[in-house]
Structures are given as C-alpha cells and as structure tokens.
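According to Swiss-Prot, the protein has these features:
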- CYS12, CYS15, CYS35, CYS38: Zn(2+) binding site (BINDING)
- PRO122, THR123, GLY124, SER125, GLY126, LYS127, THR128, PHE129: ATP binding site (BINDING)
- 1-54: domain 'ClpX-type ZB' (DOMAIN)
Amino acid sequence: MAGRNIDEKLRCSFCNKTQDQVKKLIAGHNGVYICDECVEICSDILDEEFETEADAKEVVDGMNINLLKPKQIKEFLDDYVIGQDEAKKVLAVAVYNHYKRIMSQSDLDVELQKSNILMLGPTGSGKTFLAQNLARLLNVPFAIADATTLTEAGYVGEDVENILLKLIQAADYDVEKAQYGIIYIDEIDKITKKSENVSITRDVSGEGVQQALLKILEGTIASVPPQGGRKHPQQELIPIDTTNILFICGGAFDGLEKIIESRMDKSSIGFNSELKEKSNDDVGEMFHKALPQDLIKFGLIPEFVGRVPVVVSLDSLDEEALVRILKEPKNAIIKQYQALFGLDEVALEFTDEAVEAVAHKSFERKTGARGLRSILESVMNEVMYEIPSDETISKCIITKEAVEGSAKPLLEYRTDAVKKAQ
C-alpha cells in the first residue's frame, strides 16, 4: 500500500486550509484534522447556544411560573369550573407537560415536541373559561383571539400575526415573557374548508388561514406589526419566537357528531343519509369518540390536525349543571352579584325556584353558561338602577316570577316593610 506523499501538506478537514495557513492543526482518527481557527468558531457556536439556553432559563425562572402537578391543576379548576372532569384531567396533563418541557429543555438529550390543544364543545360549555383559569393559575400571559376575523395575507381582515400581538400586549410588551404565554383561538371550527372539492372561488378565511397558522402553532420566529393591521415594508416589526407558546384552539364543531356517527355506522345507511336528531347529551358523547379523520372530514386540513395532537371534548351542560354554575364556584355569578349589592349595603337573595328558572331559560336558549349572566342582567337591571338612589332598601329577593317576567323583584326596606319594586 502506498504511503502518504511527503510533499503533500496536511489540511484542516473542515475549512481545507493547509498547516502553513493556520497556527495549529490537531489530528484525529482516520486522518481527520481540525485547525485552531475552526476550533474557535465551534467554541463560539457552543457558547452562543449555551448562552441562549441560559437566557431562556433565566426568563422562565424570572416569570415565577406556578407549575403544579396535574392533580393540583385539576383541583384548582374544580373551584371555578363545574363538571367537565375528563376535560380538566386532559388539560391538566397537557399543560403540565408543556411547561415541564420548557423548564427542562437544557437538561434533556431528547427534544420534546410541543403539544397544542384542540377543545371540542358546544357554545357555553366552558372552553374559554377553562383556558383563562389555566393561564391565571400558571401566572403566564394570556390572550384570546377570534379565528373568524383572520384572513389570508392580501385580503381584508387580520393577519395571523395579530394573534401574537394580543399576547405581547397582555405581557405589557415584554416579548421574552410573551414567548411563554398561552393563546386561546376561539371559533376555530369557522375556518374549516368549505368543501372537500376544489373550488374556483378563493376560500380566504378557511384553508388559507389554517395554512398560515401552521408555522406559529409549530414554532417559528414571527414578525409582528406593533400597532396591528397589515404589515408594510416601512414598518418596524417585533420578532417573537412561538416555539414555547401554548396554543389552545376551541370550537363548537356543529355537525361533527354526524360525521362521527356515520363513521361508526350507527343510525344511518350510507354516509350522506339523513341522521336522526341528537340530544345534547348524545352530541357530547359523540365528541369523545372523535378521531383525526373526523376532524379532517369536517374541514380541518391534515397538517393542522397534526399540530393540535391533544383533543379535549367537553360535555353539554344540562340544567342541573347550570344551577351549580350559578351557585357553587368561588366566583359564581350569584356570588358576584351579591358582592356588588353588598357595596350598597343591600343583601341579595335568590329563591331556589328562581335559580332553577334562570338555568332553564339558558338551557332552552342553548347558550350554556355564557347565557346565564345576560338573563340575570335583564332580571335585575331595573332594581340595580333604583337601589343606589334609595338608602332605605335593605334586601332584594329574586323570585321565580321575577325571572319569568310576571313580577318584579321583592324589596325589603329598613323599616322591615316588604314591598314589590315600584
């Protein structure tokens, strides 16, 4: 075997410089060499990477994120959200894993992928409220965005980057802090593809928006206009890394239960046959059986479904649950009104029949927990108008008749006389 030519100069295997062009050439196995200049470059790269990791850890530590165990997270949610036990468990685990991943990034050899969340549930079932309480518990910035306002770039409407601006604003323009926040995108079911068939018309608020959301959901350096609106060349943009932002997408997904039922081949023959009317309970049960293929059939593109691997199904709220929502949580609506009346030194009381009547109205309107406050506002608006001007009122009693509109709330006066509100 021929030996090395003695006139052949040794070279760095990385930059190809000869031994005469560098100060030092270090030999490795199998004739591999590296020069002092390449060693210095590699050292700088590693220092920069470690410094970035240290900076990120410093930001996370400085935020005082209150990371509790999944059981503790669920117990906290139990104080504010009635029912939805399975959904709370899934959310607790997903949120715990997300922030545990962030806090342990520099300690792991394996890169853990982010798991964004998709919540399925009828209007008023508590999707937004769950997300809000999670952010409050964790002490991280939180923003809510409406998917229906988003359009593809170049069309009238908001760019997807405007979602990130809301989070930056929630963090008081502290971008580092915003990069570890939570964004809840509501009405995500409204940006589904209008049809499985290719159309000649442009679907500017459907598939195109889903495509635009993919990068920020997965993790990218996005450029955000500081004042919102469309980006233009002269504008100075705010860069933000979305890698560690937790995205929770929610929607009512009206009609998804029919797709699930058709797949399961229950109560129907053939996919497009008419399906029987389902009760709210049946719909909730069907949502628990949703598979990625059902969501794709509904109109979410496969890539989008892949970016939201954690699917949480919320149950429809029955009248009993609505009654509990009115009375039991720490910040129950009735407790809020009682505190409000207390500021005017007036006691507020609801009869059991009145509470049931409010729950019944909301259930009939199919507005869920969201409709409870508007019903109470309409019942008590007149008396809330009168009370601040009449210091003799000591107590207000809301009856079933007051809720139904056939009578006014009862007022007790400091003279102990009981009269109807005039």
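Every residue number used here counts from 1 along the chain in the order it is shown.
From the backbone N, Cα and C atoms, a Cβ is placed for every residue, glycine too.
Features per Swiss-Prot, on structure.
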residue : record              : Cβ within 10 Å
CYS12   : Zn(2+) binding site : 21
CYS15   : Zn(2+) binding site : 13
CYS38   : Zn(2+) binding site : 18
PRO122  : ATP binding site    : 22
THR123  : ATP binding site    : 16
SER125  : ATP binding site    : 28
GLY126  : ATP binding site    : 29
LYS127  : ATP binding site    : 27
THR128  : ATP binding site    : 16
PHE129  : ATP binding site    : 19
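Summarising the environment of CYS35 (Zn(2+) binding site), the number of other Cβ atoms within 10 Å of its Cβ, over all protein chains shown, is 24. Looking only at the binding-site residues SER125, GLY126, LYS127, the one with its C-alpha closest to CYS38 (Zn(2+) binding site) is LYS127. Nearest in space to CYS12 (Zn(2+) binding site), taking C-alpha to C-alpha distance over the binding-site residues THR123, SER125, GLY126, is GLY126. Its Cβ placed at the centre, GLY124 (ATP binding site) has 24 other Cβ atoms within 10 Å.
Distance from the CA of CYS15 (Zn(2+) binding site) to the CA of PRO122 (ATP binding site) is 61 Å. In the three-state DSSP scheme, SER125 (ATP binding site) is classed as coil. When the alpha carbons of THR123 (ATP binding site) and CYS15 (Zn(2+) binding site) are compared, the span between them is 62 angstrom. In the three-state DSSP classification, CYS38 (Zn(2+) binding site) falls within a helix.
Comparing THR128 (ATP binding site) with CYS15 (Zn(2+) binding site), their Cα atoms are 55 Å apart once rounded. For CYS15 (Zn(2+) binding site), the nearest of the binding-site residues SER125, GLY126, LYS127 in terms of C-alpha separation is LYS127.
Separation of the C-alpha atoms of PHE129 (ATP binding site) and CYS35 (Zn(2+) binding site): 59 Å, rounded to the nearest whole number. Annotated ATP site PRO122, THR123, GLY124, SER125, GLY126, LYS127, THR128, PHE129; additional same-chain residues within 8 Å of its Cβ mean position, judged by their own Cβ, are GLY121, GLY250, LEU314, GLY368, ALA369, ARG370. When the alpha carbons of SER125 (ATP binding site) and CYS35 (Zn(2+) binding site) are compared, the span between them is 64 angstrom.
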